[in-house]
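Summarising the annotation, TrEMBL assigns Zn(2+) binding site to B:Cys95, B:Cys98, B:Cys135, B:Cys138.
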There are 2 protein chains.
Amino acid sequence: MNTPLEDKIRELKHQGLKATVARRAVLEVLIEGPSHQSADDIATKISQRYPEIHLSTIYRTLDTLENIGSIDHVHLGHGRAVYHLGDDPHQHLVCDRCGSVIEVPNEIFASLSKTLANDYGFHLRRSHFAVLGRCQACEATDGSTAQPR
Amino acid sequence: MNTPLEDKIRELKHQGLKATVARRAVLEVLIEGPSHQSADDIATKISQRYPEIHLSTIYRTLDTLENIGSIDHVHLGHGRAVYHLGDDPHQHLVCDRCGSVIEVPNEIFASLSKTLANDYGFHLRRSHFAVLGRCQACEATDGSTAQPR
DNA sequence: CTGCTTGCAAATAGTTTGCACGTTC
DNA sequence: GAACGTGCAAACTATTTGCAAGCAG
């Protein structure tokens, strides 16, 4: 068994892609960092070690990695997308008040998924949508303390 | 019973808001038009009758209407938001291939909603998220004909 | 008349793209 | 050394905001 990074690099090469500094850097950050990071989050971290890596390269790299299935992204509702490794399929609960993200296992959506397929011929895409609502804390304080949205 | 438009105007006034031309126009389009329209869709239609109404006014109007609960919006995953009347709470299934939107009644999400509340303290927000996946047609033809995304 | 609304223009935020140069295999 | 990648700057899309003028109540 190898390091997760080495595994990802191997995936890259298997697809006939080159293992560049930028791609390694993006993968490192995704592997180390919190599980959900925006392109900008990633860029900020990378720029500490490799100041020359440009934001647009990060976008292109994320796009590439997503195409080969190494990572996934979710839209959190306010426009910004966050990326995460594609290894552990899960769904995202996003609080529309404080923006916190809760990950829940895919199985919770199994029966919904089945219903949608049977009744509507619709096939849920794994780990690619955010479910909006209120987290416990925000639900408790309701519209009194912080900003909605 | 009155026309839907009159009802909405009344809601406005009850909230101490003014019934302006722009607000009437936006409501008209939402009532007449397809059930899911983006700010830009709405602006385009309105500009035929009232060329002077500015896009930014539409955004402000949509925001206002949403605040008083007259309408809702959903993010369809690619950044653009669509708006619809708030009368009939439902969820949206969006095909990430062809972009089509299927509406499903809220009840289908009832058990999911309960599970999330019990296990995660998370309270699903009604009619405010899009579920991504593949519609029947796209699932059938898979990655062969059209563009993913 | 008085404040809520709007038009306009300019600013943002997030992401994408054209092009010439650089790097990996 | 050829093809793939990248830096940079500029374009884009969707949306927001400041401000002065306009209109509803």
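Using N, Cα and C of the backbone, Cβ positions are placed for all residues, glycine too.
Recorded features from TrEMBL, shown on the structure.
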residue: B:Cys95; record: Zn(2+) binding site; CB count, 10 Å: 22
residue: B:Cys98; record: Zn(2+) binding site; CB count, 10 Å: 14
residue: B:Cys135; record: Zn(2+) binding site; CB count, 10 Å: 21
residue: B:Cys138; record: Zn(2+) binding site; CB count, 10 Å: 21
